[in-house]
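Below is one structure, written out as structure tokens, with a few remarks after it.
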Amino acid sequence: GSICLEPKVVGPCTAYFPRFYFNSETGKCTPFIYGGCEGNGNNFETLRACRGICRA
């Protein structure tokens with residue numbers, strides 16, 4: 001879906017949530033640290049969820 005094309009958003013908060021996002025340049029789901037607020041849809045709790053939705 002289109003959420004897979006959204007940019008990675010860490011957000012301004014300083015929590016530490018290991019998440020995955022779909023990197024549209026590489027075509028792969030990639031780990032990143034999410035700050036906990038003001039994110040977007042390209043933010044998955046598991047690699048499997050990211051791959052399932054973005055078909056990586």
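Every residue, even glycine, has its Cβ placed from backbone N, Cα and C.
Only one of C29, C37 is recorded by Swiss-Prot as the disulfide partner of C50: C29.
When you check Swiss-Prot, the disulphide partner of C37 from the set C13, C54 turns out to be C13. In sequence order, F20, Y21, F22, C29, F44, A56 make up the list of same-chain residues 6 or more apart from C50 (disulfide bond) whose Cβ falls under 8 Å from its Cβ. Calculated from their C-alpha atoms, the gap between C54 (disulfide bond) and C37 (disulfide bond) amounts to 22 Å. Mean model confidence for the domain 'BPTI/Kunitz inhibitor' (4-54) is a pLDDT of 98.
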